[in-house]
Amino acid sequence: MSLPFYQRCHQHYDLSYRNKDVRSTVSHYQREKKRSAVYTQGSTAYSSRSSAAHRRESEAFRRASASSSQQQASQHALSSEVSRKAASAYDYGSSHGLTDSSLLLDDYSSKLSPKPKRAKHSLLSGEEKENLPSDYMVPIFSGRQKHVSGITDTEEERIKEAAAYIAQRNLLASEEGITTSKQSTASKQTTASKQSTASKQSTASKQSTASRQSTASRQSVVSKQATSALQQEETSEKKSRKVVIREKAERLSLRKTLEETETYHAKLNEDHLLHAPEFIIKPRSHTVWEKENVKLHCSIAGWPEPRVTWYKNQVPINVHANPGKYIIESRYGMHTLEINGCDFEDTAQYRASAMNVKGELSAYASVVVKRYKGEFDETRFHAGASTMPLSFGVTPYGYASRFEIHFDDKFDVSFGREGETMSLGCRVVITPEIKHFQPEIQWYRNGVPLSPSKWVQTLWSGERATLTFSHLNKEDEGLYTIRVRMGEYYEQYSAYVFVRDADAEIEGAPAAPLDVKCLEANKDYIIISWKQPAVDGGSPILGYFIDKCEVGTDSWSQCNDTPVKFARFPVTGLIEGRSYIFRVRAVNKMGIGFPSRVSEPVAALDPAEKARLKSRPSAPWTGQIIVTEEEPSEGIVPGPPTDLSVTEATRSYVVLSWKPPGQRGHEGIMYFVEKCEAGTENWQRVNTELPVKSPRFALFDLAEGKSYCFRVRCSNSAGVGEPSEATEVTVVGDKLDIPKAPGKIIPSRNTDTSVVVSWEESKDAKELVGYYIEASVAGSGKWEPCNNNPVKGSRFTCHGLVTGQSYIFRVRAVNAAGLSEYSQDSEAIEVKAAIGGGVSPDVCPALSDEPGGLTASRGRVHEASPPTFQKDALLGSKPNKPSLPSSSQNLGQTEVSKVSETVQEELTPPPQKAAPQGKSKSDPLKKKTDRAPPSPPCDITCLESFRDSMVLGWKQPDKIGGAEITGYYVNYREVIDGVPGKWREANVKAVSEEAYKISNLKENMVYQFQVAAMNMAGLGAPSAVSECFKCEEWTIAVPGPPHSLKCSEVRKDSLVLQWKPPVHSGRTPVTGYFVDLKEAKAKEDQWRGLNEAAIKNVYLKVRGLKEGVSYVFRVRAINQAGVGKPSDLAGPVVAETRPGTKEVVVNVDDDGVISLNFECDKMTPKSEFSWSKDYVSTEDSPRLEVESKGNKTKMTFKDLGMDDLGIYSCDVTDTDGIASSYLIDEEELKRLLALSHEHKFPTVPVKSELAVEILEKGQVRFWMQAEKLSGNAKVNYIFNEKEIFEGPKYKMHIDRNTGIIEMFMEKLQDEDEGTYTFQLQDGKATNHSTVVLVGDVFKKLQKEAEFQRQEWIRKQGPHFVEYLSWEVTGECNVLLKCKVANIKKETHIVWYKDEREISVDEKHDFKDGICTLLITEFSKKDAGIYEVILKDDRGKDKSRLKLVDEAFKELMMEVCKKIALSATDLKIQSTAEGIQLYSFVTYYVEDLKVNWSHNGSAIRYSDRVKTGVTGEQIWLQINEPTPNDKGKYVMELFDGKTGHQKTVDLSGQAYDEAYAEFQRLKQAAIAEKNRARVLGGLPDVVTIQEGKALNLTCNVWGDPPPEVSWLKNEKALASDDHCNLKFEAGRTAYFTINGVSTADSGKYGLVVKNKYGSETSDFTVSVFIPEEEARMAALESLKGGKKAK
């Protein structure tokens, strides 16, 4: 083998071992040919050696040599597999024809040893072996990572696989049943002596069988002494035919086994497959025009797979030095070098070098670049001085001179507005400066090189590079990179440019679209695409208008009448051969916004014609023209087009494409497009007026949602051809869906004016254009766009934010179909620089199409290594990509990348530094203000002292400086006679604990100490010098003091005290601790213990503190010897709960995940959360997961169980002791697990379970009600374990607002008996409810359903809503009532009692449909059967009420109850006979029982005491009352069920007054009885004729007998002859007038009188004259009157 030239002359970058490396490798390759038999271990050597071994073995057996036996035993000692491997070639040795008996065969297993394959120690000289480390293997070739191909990687792969390969092969071999054993010669001789004349073959067969079973040894060593004779006794035996046949069969079996074994081992021998590279297809030379692309291809075979390196003029091509210039690919053995945009410098000889472990092979090809028509590319030269770009290591100072490139006055993150101008620039300083040689400067936007245009211009003044925007548009937004290349070195710098929308002319109008491009151009139409704007003006965008303008004119015309929403549109109506430009405007309800930037000019040409116009003559020119004349074939009708398909379909248009027919004649053809609705054969021609000239066509005015088929016909002057095959059915509508909203918006701090926002990309999004990010000040509700050009990826840096302000963010995705819904708002984040000032200068920032790391470049020069130019690579790189090589490495030392890696896969951005907006990025060494070294530790104490060492302890610094403390450094010094000595370092490596053991001290020497803390910002100031401590052996038996006391979770009545065990535990281990406390101002004798028994924990929750009191604490350790010295004091600590203090809360999310959450509003930028369990850090706990964001932290339990019981606490660093804890005991564990299960397997809450009810028509309603249901809730209806669906029998309904779920059945039949179940599913939550309808339950329900059905039929006519019933009114009357419905005037309502009509309701104009019959003073005579009948032409209904027997009794009891309740209170009334107690009721019936009691005893009725009812009065009469009648009287009215009582107290004043009244009435009665009175006989008026006699008789009474006198006209009348007055026997008075005259007329009165009283009885006497006498008297009086005149 030979090394390639460039490897032999290569200068290794590591000079410390480069010479040894190369010399060893060269030596190895020089010896490789000589030892090829040893190294390759090919199958040929194997077979030849096996043959020779077999022949030597056979000869040895025949001669039976004892010396050979000894030699063979020696050979077994050297290689355990020799004899068996030698015999494995029994039948195949002679066929190979090898007779070299001296051939040396090495053990194959040693050849597969990994160490010789890896290190090749046997190939090195003794000096080289001494210089080599034992574990270092010399590489065959050392080069830069990933950029040099060769033997290195192949060897490394073989080294790594060697051990595993041997193990695998041995395993496979062992599975074949092969064993390793050593067999002595004697055993062989014994075996041979027992065999027949075929013993030689039998012995060989056995040995061959052993060889077939071995895979660990395939070679043997056969010495020349093997030919010596063996002393062996031969015996002859007669063999039967059966034995011979068996032996022959064994030989045939052995032969087959050996063939299989050799084939198996040939497969295991990988060296048999090795072969050098071989070019199957070599690269071809090319001659191309300038600015065209060229590809060089080659195909290479070889094993291991060769590495391919491409060279240009013998210099390796670095794809990163010229990004986008070269693309190297390797796929399936085909290797390609693509050169883009060839120029004159690309004219060169190109070489493809293929290399593997077997060698190297090259193939050459030349590329010649010609300039077309002598055009001169002026863009290759810069304005100003003459420039000469440096490339491929050629510089004025020779090969690979080093250049230092620096940027000064760099441009920062910039903000512009549409329509404005902007310039980006920086000053470029290159050292050393070379005359006439200028750097190559290139500008990039999002990784795409920029070329000068009317929108952007570049300028290089010799010192400053400038990029100028003449008219900003949103298309100009992106990451801008300036890349300066000088020779093989380069440097670059990037910053982002944001372009805001211009102020709208119409308030609320949308912003302008962007990126208007031509997707496809044809002679009939051009498809235009664009991107939707981020700002819609406050109302949704209704669509877009597309405008076109012919190049050379200023006349814009609108292409569509109605706005289109899809961001693609085919513009038709174009004139073939003319060029157009386009623009797009968005419209919403407020108006039309600004137009977009115009597109690039596009010509309306057939693609083939366009390609013909752009084509150039092929090279070289031959000067020959061959013309073939054919007879024209006229009149050929073209055939049908082929490959007709729908290439694009939206709701607005459908695009068809096809291929021209093969048979079309010599003239041009045109096309007619036809359509028909799916399922019909009604074909309609779409372009009826003008045929289509191009094989593509866009159809408009199709009905959205309908399905169509299409076909195309060709036509020419000969006619219209047959139609093509119709397309498949196409539904008109947008095939592209609007993307889903992104998720998991996570903001993180970056700088003082920027925040990095990351998100989870939209799922299943197709043709995604990018994302828009919006920001809003928390609580304002006003959103502003962070980018106006969609960005790809899932990360973006939002700039231009206000420092210290809190922002929330949201993201939406966009594709051609539209913009997605907004994502959920992120958590609020305060804008401030992260620790370290944002992106670390040593870590490559993650960039994407939303470039998040807008950073300055590092302060050193890069060589031509991976740049940030391909957009996907630049903007999609990750932070963990390898950093770029330093500037000390040159191009010649780089490896050529693996051919399968393209530029797009390899390009990575250089490490850069982040700079806040508004500050120069040119000062990378400026100190960060948000982090600082920690303050000094304090309270240094000696924890334990030994004879020559001491253990120190100290307290953590009060201020940690914004980052966690990473360690401490301890210094000490001796103090001799009070004079301190020189400080010395106690530890070189920082210690992480607040305790450290300092060794190698001097016994009885006094020392002082100081401690300094360190964090990522640096080493802090040292602490104050400690007290003097004497280094001496502590011999005390009790433990030392605990240390590192800390108070946390301080509340108004409690706190947690923590400490660390003492370093010195005494003579026995520490068994516990005692904790003491006292008030800070109290005296030393005020210490009191908190625990009576020692506690084993190193923490204690102190309770019972007084709010506002300051306390100090100390801890003492105890062991078997006693209690040790108290610790240093902890505190003072004030017992108070500070405002805003929050506690750890437990949360169980929807997935059942249990977590502890804590929030702190008083965090500083340097604060962090620290979780612990039982006050031991949980940082490495596999059962817990901690996540912190902003001022919130969450600790999640992966699998909460008994192992997780304990106290969980969270401390906030860099605060004044903010902490909180949460206890999880067994009860809390059970509660949380139950809650977790409920959340993990949620159930839909149910208000009411599944129930059944019968509706009015006999329908059956199954229903249940859930607490709430979302719009996605589903219900499965199950009957007897089978799902039922809506149909004629079942009607289902779900009311998601009320949660009611219903199923209706018209009728219950016998087959409907069974179990009904409703299964609910709402998201993850499920539930079910079941009702069982079997047996009596089902029959009862079925009967009720039938009854309700009949009831519904009944209710179609006049019917009773409420049947006849009774009610007792307040007046104790009985009211019979019923409620009727559906009646009209013609309806008859008749009342019956005992089938006798008692009432007819002729006028039933009642509002409520109530019919009543009132029965007053209801009694037994009213008992009977009452009935009401409703009847009209629609039907009849009746209601019957039985008021007999028990029903009558029940009614009477209710009547009696009402009467009893109507009773008035008992009153007392005196009578002449005695005293009466009484009460009034509404009316009285006999069924109402009345009972009286006196002083709790029932009254025995007699003549003196009796009761009765008079009308409505119920009374108790007590005649001639005595004092014994005093007391409480109760009247009880019993209605048949209940007694109703009325009471009165007849005692005291009530009795006295009643009794006095009784006496008065009694006397009045006596007087009344004996009073004089007229008993009768005198009329009221007496009319008597004059002259008659009047006789009147009158009876009088009185005791004593009364005196009698008469009156006439109120005057006393005396008895005389005319008027005779008599009084006889004291009882009778006579009144007589004889000869009554008119003078006797008048009023008379009889007056009787005795001592008890008097009485007057009046009567009137009227005397009249007869008629004749009266007439005469009248005449006489008349006459007398005339005379008087």
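Residue numbers in this text run from 1 along the chain shown.
Cβ atoms here come from the backbone N, Cα and C positions, even for glycine.
These come from Swiss-Prot:
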type: DOMAIN; residues: 277-368; note: domain 'Ig-like C2-type 1'
type: DOMAIN; residues: 396-498; note: domain 'Ig-like C2-type 2'
type: DOMAIN; residues: 512-607; note: domain 'Fibronectin type-III 1'
type: DOMAIN; residues: 640-734; note: domain 'Fibronectin type-III 2'
type: DOMAIN; residues: 741-834; note: domain 'Fibronectin type-III 3'
type: DOMAIN; residues: 933-1034; note: domain 'Fibronectin type-III 4'
type: DOMAIN; residues: 1041-1140; note: domain 'Fibronectin type-III 5'
type: DOMAIN; residues: 1132-1230; note: domain 'Ig-like C2-type 3'
type: DOMAIN; residues: 1358-1444; note: domain 'Ig-like C2-type 4'
type: DOMAIN; residues: 1573-1662; note: domain 'Ig-like C2-type 5'
type: REGION; residues: 33-80; note: region 'Disordered'
type: REGION; residues: 177-244; note: region 'Disordered'
type: REGION; residues: 840-938; note: region 'Disordered'
type: REPEAT; residues: 182-187; note: repeat '1'
type: REPEAT; residues: 194-199; note: repeat '3'
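Among the listed stretches 396-498, 512-607, 640-734, 741-834, 1358-1444, the one sharing the most Cβ pairs under 8 Å with the domain 'Ig-like C2-type 3' (1132-1230) is 741-834. Helix, strand and coil counts under DSSP for the domain 'Ig-like C2-type 3' (1132-1230) come to 8 helix, 45 strand, 46 coil. Remark: secondary structure over the domain 'Fibronectin type-III 2' (640-734) totals 0 helix, 43 strand, 52 coil, with classes taken from DSSP. Counting residues per DSSP class in helix, strand and coil order gives 3 helix, 58 strand, 31 coil for the domain 'Ig-like C2-type 1' (277-368). Shown for the domain 'Ig-like C2-type 5' (1573-1662): DSSP residue counts in helix, strand and coil, namely 3 helix, 57 strand, 30 coil. Secondary structure by DSSP for the domain 'Ig-like C2-type 2' (396-498): 3 helix, 59 strand, 41 coil.
For the domain 'Fibronectin type-III 1' (512-607), the number of residues in each DSSP class (helix H, G, I; strand E, B; coil) is 1 helix, 49 strand, 46 coil.
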